[in-house]
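What follows is a set of notes on a single structure, which appears directly below.
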Amino acid sequence: MILSNLTSHLKFPGIDRLGQDLAVEDMLPAVILLTFAVLMAAEVRLGRGGRANPSVRKSYRTNLSLFLFNDLLMSALSVSSLLILAERHTGGGLLAGVSNPWLRGLLALLLLDLVLYCWHWASHRLSWLWLFHKVHHSDRSMNVTTGFRLHFVEVLLTVLVKAGFIVITGVHAAQVLLSEALITLAVLFHHADVSFPGERRLGRLFVVPSLHRVHHSALRSEHDRNYGALFSFWDRLFGTLLEVRPAQIGLREVDALGFVETLKFGFTYAYGSTPLPLRLHSGQSLEPMIAEAAYFRAEKRGFMPGFEMFDWLAAEREIEERMNVGRINAGTARRTP
């Protein structure tokens, strides 16, 4: 899910003028940085962190490089800019009639999380948004730094979405600050490669690592689920919740990418377009492969009804052709001295 630039929390010009205590201004970035450090240490301690696996170390380097690049490039469009925008539009919008500040803050948080859910859903459904969002899904090792793995175009578009939310709702600057901080902490948490007792129970209300790991599955039928950022009940409400254990993380046919490769990947419209030969193990069924291919075809059409049988037959034909390529290649390899 989308993670706001972390260092944009480090300074909030005029936040005391907006009615916030300076102690809160200093405390929030410290809490965010401490949370990041604790989660990273937990991953290392469990043997799944940066010191344990070369691919994870590459993931850490790429993701942190993207974070620094985006932070430098987008410094003019930070949370501070959203706070200034909120100050100018306070008192109007959808929340103008809510006088209780606590209720207004809760509603602002719920509405922002809903907007981010819809934005995330759209990033998977619209090809021009997926073009940039697929960068986030290209990480072959989901960890606490994966939240930083964002293409700069997606970061820019997300800031614009949040700006629109502020104008429409009239949310107060203090509520923008707290909502951004809570969602940032949530994103760090649910990307972490950790598990803990009571995780499933906590997942009934909040997005936990086991739920978001499904969203990073290599199977499109799985990574088109679990869009929530903070609360998991949006996925339950809209029927996009899935609780499984993914077999593979990342994108099919996309290797681990470095920093420059990741930036270029955001402008690559297609990936993995060359069919690879398929081979079945003993007793393995073709149906899951056909179902996945049929789902992908339906997704490209926007799930327009009435084509289910055509999708299945076309997918079946494609899988059989790729199986034949695999058999031919295998036979050629056996004949090669």
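Using N, Cα and C of the backbone, Cβ positions are placed for all residues, glycine too.
TrEMBL entries are annotated by machine, without manual review.
For 27-46 (among others), the entry in TrEMBL reads transmembrane segment.
Residues or ranges marked as transmembrane segment by TrEMBL: 67-86 (among others).
Long-range contacts of the transmembrane segment (106-131) within the same chain, counting only residues at least 6 positions beyond its ends with a Cβ under 8 Å from a Cβ of the stretch, are 1-2, 94-95, 98, 154, 157-158, 161-162, 165, 169, 171-172, 175-176, 178-179, 182-183, 223-224, 227-231, 234-235, 238, 240, 266-269, 299-300, 302. The feature transmembrane segment is assigned by TrEMBL to 106-131 (among others).
According to DSSP, the secondary structure content of the domain 'Fatty acid hydroxylase' (106-240) in residues is 94 helix, 3 strand, 38 coil. The domain 'Fatty acid hydroxylase' annotation in TrEMBL covers 106-240.
For the transmembrane segment (152-171), same-chain residues at least 6 beyond its ends with a Cβ under 8 Å from one of its own Cβ atoms are 2, 4-5, 69-70, 73-74, 77, 81-82, 85-86, 89-96, 104, 108, 111-112, 115-116, 119, 123, 129, 132-133, 135-136, 179, 263, 266. Feature annotation from TrEMBL assigns transmembrane segment to 152-171 (among others).
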